[in-house]
Structures are given as C-alpha cells and as structure tokens.
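Read through the structure below, which is laid out as structure tokens, and then see the notes.
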Amino acid sequence: MYSISNKKPSILSMVPLNILKNQDLKVKKDQEKKISFNPVVTPIRPDDYHEKTSRSSSSSHSDSPEFLRINNNKSGHKNGKLKSFESKKLVPLFIGDLHETVTEETLKGIFKKYPSFVSAKVCLDSVTKKSLGHGYLNFEDKEEAEKAMEELNYTKVNGKEIRIMPSLRNTTFRKNFGTNVFFSNLPLNNPLLTTRVFYDTFSRYGKILSCKLDSRKDIGFVYFEDEKTARNVIKMYNNTSFFGKKILCGIHFDKEVRSVPNFETQKSRLDAETIIEKEQSLNEKHSKGNDKESKNIYSSSQNSIFIKNLPTITTRDDILNFFSEVGPIKSIYLSNATKVKYLWAFVTYKNSSDSEKAIKRYNNFYFRGKKLLVTRAQDKEERAKFIESQKISTLFLENLSAVCNKEFLKYLCHQENIRPFKIQIDGYDENSSTYSGFIKFRNFEDATRIFNFLNNRLVGGSIVTTSWERQNNAPKYHDGYGMRNIHTSSHPQITPYYQYSHANSLNSPHMRDLSSMNSSTRSLIKNKNFNKKVLETFEKQVRRGIDFMRFPSATRDENVHGIAEYIFDTYWNRDVLILDKFLSLLNSSPYHEGVLQKQIEEAASSLGFKR
C-alpha cells in the first residue's frame, strides 16, 4: 500500500480530513501494522590498508549489496512496537593470505559457527574476477569477533595459512609509532616454527594486530597494539636463542613513517633502551641498479653469486621468489635495463652453503625461456671492473694479416649492426709480418659476438687471436712498417672478404668456407704445381677482365702478369688457398666476378696502364 522512496512519508496524507478525535488511537495501531518493511542500511567500508592494489575489487556476488545489513525480520517488532530504525554497529575483520580457491561461500562455511557472524567478502580483480588474496568479515559481537580471530588465525584453509586482523581504517593508528617488531635470523627451516606458533609465542605478552613470517629472508614481523609491549618483547628476545638459533629483533619503521618530515624527532623520543632495527634486508635504496651506493654494498664474500642472462622484464621480487628456494637471501643487486637483451644480478645468501647449492642448481637452468649463467661472485674490486665493462668493452686483436685492416673490421661490424666505439691498428710484428690492434664496443654483448667470430679464425692467411687484455709482449707500431705501406683501396668493395661481410652475415657459409682451412690443411697443399696452376688460372681471369678500350697496353702478356701479381700480393696477401677458393666461386656468383673486376681496374690504374 505504501511505496519506499527517499522522501519521508507525510503523516497528513494518511489521515482523512473528517476523522474524529476519538478515532486517533485506532489510526495509530493501523499505521504500525501497515508499515512492516523498513530497511536499515549499515555500510561497512573495506580496510584501506589494501587499497594500494592496482585494480579495484568487487564482491564475488555482484548481484547482492556489499556490507549491507537489511532488517526485514517481521519478528523484529514485538507487541506492535516498532523497532525498525534500530541498528547495531558491526565489527569488521580483515582476512588475508587467502588461497586463490577460497570464495565467500568457503568463508561463510568456516565462520557460521559463531552466532554473531553476519557476512564475508572476498575481494576480486575488477577485470579478471580472480581473488586478490584478501577479504573482510563482519560480526555483530566484538567478543565473538576476537574469539574467532584467536581460534582461527594462522590456521590452514585450502592448504594455506590465513591471517586475520582488525580492519583498521585509520592509517595513523594502524602504523602506530614503535609497535612493529622486526625479527631476523629466524630458523624458519625448522618445521616446528609455524606462523601459528610464532603468534602464540608473543600473544601472551600483549594483543597482536598482525604477525608475518618470510622464509625467503628468514625474517618476521609482529605488530603489537601497545608500544610498551613491543619494547618489552625486544628486551626479552634480542640476541637470545629462539628454537635453537640466535635471533635479533628491534623496532621496524614502515616506509611511510620513515618518509614523514618529523621522523627523526619522533624516533628520538623513544626510550633509550629501545633497540631500533639495524638490519634492513633488501633496503629500498638498493632496489635500483643506478644507485651509486648499491655498487658498494657487497663485500667480498663466499655467500654471493653472479647471475647473467636474466630476461629484461625480471624484477627483484622475481629473483627473490625464485632463488630463495635454496635458502634465505640477504640482499639483491639487479642491473638496469640496457641496450643488451638481458639483465644480470648479484644475490647474497645468508649462508655460504646455500650459495653453493644455487650455483649447482641454477647454472644452465632455463628461467622464463632464457638460459642462466650462475657463477661464484667476484670480490669487490673484480665486480667493480665487471660493472664498468658493461659500459665500454675493449677487444684486443693479435696476428692480423694486412687484409684484416681497419676497413675490413669496420665493415665486419657494420654487417652485424654493431657500432664500434673505436677501431685502431697500433702494432706490427716484423718476424711474422702481422699486426695487432683493438676494438672498443659500446657494450659487452657486441664485444662477445666479435670475439667468438674472430678468435682462432683464419683471415687473409693469418689465424687471428682475440683476448680481453693486451698481451704484454705485443709489438708496438713503427713508422717504417705497418699498414700505411700496404695499398689501401679507395673502393672497399675490391678488398678480400668485403663481398662476404657486405652480402652475408658472420655465419655466412662463404665466410666459413674461406676461413675453415687450418694450418694442417695448408701443409698438405704446399707444392709448386698446385701454386702454379692456381696462379695460371687467376692470370687468365685477369686477362679476361681487362678493358682494352680503357687499358690498351695492359693486355700485353708481361703486363697481364704484372697486374695479376699486384692483385695477388696486395689484395690476397699471396695466400694461394684463399685465392683458389675465391676462384672456385666465380662461375657461381656474378657478385664475385664484379669484385674481381674492380680489383683489376684499380690495379691497372695504380700501375699506370690507364689511357
């Protein structure tokens, strides 16, 4: 008969204008009978402590109102007396560390044994609708809420310990100064030390709002309601044996508290005997690789390992979760994302035996599709050198032939999309007629690629050797010798191997073929007949390539021979085997024919045969 709206019903509209005064009592009774449904709404907001999640959450039952207490019980009024506007203040609890399979129905089934239990909510990701791992409980009775918290806190639900604490909306109160106690060096590998045991141990000293253990670092936190209780616990347990292991404890200051302007003033007001947490494992200031201090936080220790080839999206939490499986971690240093396609890190374990386990277990292990390199970390000085080497890496080259000059090295790098910082040939050995030099690269990865390609490879008649340090006996460059006396073409296309470095990658089959002949192969083909045959074939190719209109006198036999000798000496370093391999490719590759043609034209011009 009556509709519910936001407007209060006018009592005058319910009274007839001609009603008699003696009918007043009857109208009142009729009114009470007719107004039987009157909703009372009591909203309970979630704990804003967990509002830092990236996405908003919603109830797993989206069709029902969240945290609404609706009184639609007809028995709510007795003997005709209206009680519909009465409401009780609910007691909210926060429940965390929920397994992903825990639903609101799961929680209702667990807490329904408490008569004053009203409702449960599991917070969900607004997009994926998956559990965020926490939720809220509502009780009508405070004593029953505390009883439920005491009985069920840190018990397992679907295989995971749940954590129940008061839902504190006041941030200042929740982070009450000096009540959060930090414990380090806890023996969390002891199966007897569970979170429930840890909770029971300290709850007898005072009310605990929350406690947590982290086996990845062997640390724990107990958040007391009272500051005096926290100080007493620290005095009793600091530097004492706990489950057979000496532990340390002190006041922990939350990051938000440490950032307030008057933090130091507040800290100075603490009791002089109060111990403040000194060990800040995985301190925030060391979380970024670009901090200068972070490069010096690792002492020379047998507890540290070096990890290379991590995916570029790796975070410190990823490393902590993955590498703590073998033992608790003390600290992590993760490099910044650079131009290279991987990250590297230093991880320091609390126990040296765990670092040994990590090397054996994780070296050559695939992590998110990348094969890891895990080794013993170097000492402080060596580590500093390595970090510096990531900026500019220098590769030293020895035993270079005249062919392997600066121009050749430049094109070699260009083909592989490598931009060297500097290329220099600065040494010459008179005995072997070879050169030495170095290439500076912008990163270690580029240097490694050229190192692997050139090391022990035959190029232009000499086997190149590469190293990360200059040889002590490396000959120095002399003005009387060196590449300045070797003819350098103004056309790079005619230099040996240009066609391979320009048209093919470092792994080109042509490059592998031309460089695959080792010294034993060369010794098998050291006879005059073979050399003569190759040179005769080469001279015929030179004769065919001479343009009579441009170089008329060059076609004479003696001049053809001179041009062929010039090319053989200048461009091929008198290497018969390499020249023979090149000639075998002429008929199958027009490009090779073009290279030889340009060599012939430049040689003829240099020798003065041009018209």
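Using N, Cα and C of the backbone, Cβ positions are placed for all residues, glycine too.
Computed from a predicted structure; not experimentally measured.
Under the heading region 'Disordered', Swiss-Prot lists 37-81. As annotated by Swiss-Prot, compositional bias 'Basic and acidic residues' applies to 45-54. Swiss-Prot lists 91-169 with the feature domain 'RRM 1', giving sequence analysis as the kind of evidence. Taken from Swiss-Prot, the feature domain 'RRM 2' covers 179-247, and the record attributes it to sequence analysis. What Swiss-Prot lists as domain 'RRM 3' is 303-379. The feature domain 'RRM 4' is assigned by Swiss-Prot to 393-471, with sequence analysis given as support.
Helix, strand and coil residue tallies for the domain 'RRM 2' (179-247), in that order: 20 helix, 24 strand, 25 coil [DSSP].
Mapped onto DSSP helix, strand and coil, the domain 'RRM 4' (393-471) counts 21 helix, 33 strand, 25 coil. In the domain 'RRM 1' (91-169), helix, strand and coil residues by DSSP number 19 helix, 32 strand, 28 coil. For the domain 'RRM 3' (303-379), the DSSP-based tally of helix, strand and coil residues reads 22 helix, 28 strand, 27 coil.
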